[in-house]
Each structure stands twice: as C-alpha cells, then as structure tokens.
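S.K.: According to Swiss-Prot, the region 'N-terminal SAM-like domain' annotation covers 1-142, on the basis of sequence analysis. The region 'Linker' annotation in Swiss-Prot covers 143-174, and the record cites sequence analysis as its basis. For 185-199, the entry in Swiss-Prot reads region 'Fe-S binding site A', with the evidence type sequence analysis. Here Swiss-Prot flags Cys185, Cys194, Cys197, Cys199 as [2Fe-2S] cluster binding site, drawing on sequence analysis. As annotated by Swiss-Prot, region 'Fe-S binding site B' applies to 225-239, with the evidence given as sequence analysis. For 225-228, the entry in Swiss-Prot reads motif 'Cx2C motif 1'. The [4Fe-4S] cluster binding site annotation in Swiss-Prot covers Cys225, Cys228, Cys236, Cys239. If you look up Swiss-Prot, you'll see 236-239 marked as motif 'Cx2C motif 2', on the strength of sequence analysis.
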Amino acid sequence: MAATAAALAVTDELALPLRAVGDLAAAAGFSREEVVVITQCASLGGKLPFDDASVGSVLAVIKKVENLGDLFITEISRVLKAGGMVLIQSSPSDQDPNNSIQRKLLLGGFVDVQASAASSQDSEHSVTIKAKKVSWSMGSSFPLKKATKGLPKIQIDDDSELIDEDSLLTEDDLKKPELPVVGDCEVGATRKACKNCTCGRAEAEEKVEKLNLTSEQINNPQSACGNCGLGDAFRCGTCPYRGLPAFKPGEKIALPGNFLAADL
C-alpha cells in the first residue's frame, strides 16, 4: 500500500460508488485517478496504512456510526496534512448522529465543522459533514506579538493661571536680617557693660545685682555665723549667699557658666 496519497476514500462497506469518489476528487481539487479507495475499513482495527501528514483529503463513507469512533477520528487526523479537508457521509437515523459526529470532529482537533446535504444521489448516504484540519503542525511554534503600552500622556492646560512665588513675599521678607554685634562693649579692667550694651552683658550684670552681693563678698566670702559656706541647707533665711554653691571662707566663689541662665 502506498505510504502517501493525494486523496483517500474509506468506507465500512464492501464497495464505494464511483460518484462518491468523484465528489471527493472535485471537492479536493484532484482527479478521480488520484484517489486511493479502502473498503471494509472496520477490519483495519482503526488504523490506516499511511504515514503521518501524507494525505491531502479524506472521504469517509460510513454506514454504521459506531464504526466512526474516537480512535478512527484520531487516525484520520494523523494521516491528514496540515490544513487538509475531511468529508464524512453517513446515513440518517432517528437518533440524529450528525451532532455526535460533529462533536467527535471538534474534540479531535478539527475546525470549520459544517453539516450539509450530500451531493450524491444515493439515498443511504444523504448527509455530509465537512471539517478541516488546523493549518499548524503538532509542536510548531510562532512568536507572539506583545502589545506595547505607552505611558499616558499628560494634558497640560496652557490657560491655567500659575502664581509667581516671589509675588507672595513682602519688602520686609526680602530684607536681610541684621545680626547683633557680639561683645560690642568697650570694657576696661572692671569689665562693666557700656551704656548702649547690645551683647547681653548688661542683662547679666543685672542678674548679679539681684543677688545683693558685692564684688568683695564674691572675691573674699566671709561668714559671721560660720554656716554660710556649708550650703543652703545650713544657711539662714537672710543669708546673702543663698542660692550659691558651698565655699570655704576666704576662697573666691566660682559661679557655674549657666548660673545666670533662666530656668525653663
């Protein structure tokens, strides 16, 4: 048996009418002499003696629908070339087998499945179901075109009013701040603040004066009761040294650097 064929006609009967072979040849665009005919296909056990993808078109004239099983549909798909056509002619019955045959073809991977009246004058084969094998082969691949999504365009309204930030500033805001001169007092040996003091020395001297201490009391502290140098816990209520750290009589009192700072 030939391993390839332009067209193949199979039937489960003993013979196949010539006009059925002619219909297949005309539909597939071949001459009748190019069609290979196989009768009693049920005896083949669902196998066809052809190579894979070696037949251009297949005509199956099936009298008994049970002979057109899933295995036989798969075998037809195997021997058909990509894009090949299959025509199935079956006898009408009360159970309407057309829908079941169409369903088998769809499940077998065929496309464009259509049912129509047969052109043959044989009343026993009056229904023809036409289908087509997909145009791509098993295992073939092709690139997919990915849709490129561009960034959304921002619509800028040129008519919108923009506020100039500089217009929100006043003349006073634009002036540079004048920093006070540090240590502008012309102090001498006594280190006293000048009349127009702006460095903060005058305020510091005012805080010292509030303690009611003279410079002699700070430089040479003395205690009449003997408890002034021991600290506030031992000083009387009128002690001029209240609030100062403990000291030794005759020793100069050293005030801490933050002593005159205001308590927060």
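Every residue, even glycine, has its Cβ placed from backbone N, Cα and C.
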S.K.: For the region 'Fe-S binding site B' (225-239), how many residues does DSSP put in helix, in strand and in coil?
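M.R.: So the counts come to 6 helix, 0 strand, 9 coil.
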S.K.: Excluding the flanking five residues on each side, which residues at least 6 beyond the ends of the motif 'Cx2C motif 1' (225-228) place their CB within less than 8 Å of a CB in that stretch?
M.R.: 234-236, 239, 241
S.K.: Grab the pLDDT values for the region 'N-terminal SAM-like domain' (1-142) and give me their mean, rounded.
M.R.: 78
S.K.: In whole Å, how far does the CA atom of Cys199 ([2Fe-2S] cluster binding site) lie from that of Cys228 ([4Fe-4S] cluster binding site)?
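M.R.: Cα-Cα, rounded: 34 Å.
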S.K.: Can you tell me how far the Cα of Cys236 ([4Fe-4S] cluster binding site) sits from the Cα of Cys197 ([2Fe-2S] cluster binding site), in Å?
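M.R.: A Cα-Cα distance of 36 Å.
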S.K.: Let me make sure I understand the structure: which of the binding-site residues listed (Cys194, Cys239) has the fewest other Cβ atoms within 10 A of its Cβ?
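M.R.: Among the binding-site residues Cys194, Cys239, the lowest count of other Cβ atoms within 10 Å belongs to Cys194.
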S.K.: Could you state the whole-number distance in Å separating the C-alpha atoms of Cys197 ([2Fe-2S] cluster binding site) and Cys225 ([4Fe-4S] cluster binding site)?
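M.R.: If we compare the Cα positions of Cys197 ([2Fe-2S] cluster binding site) and Cys225 ([4Fe-4S] cluster binding site), the gap is 39 Å.
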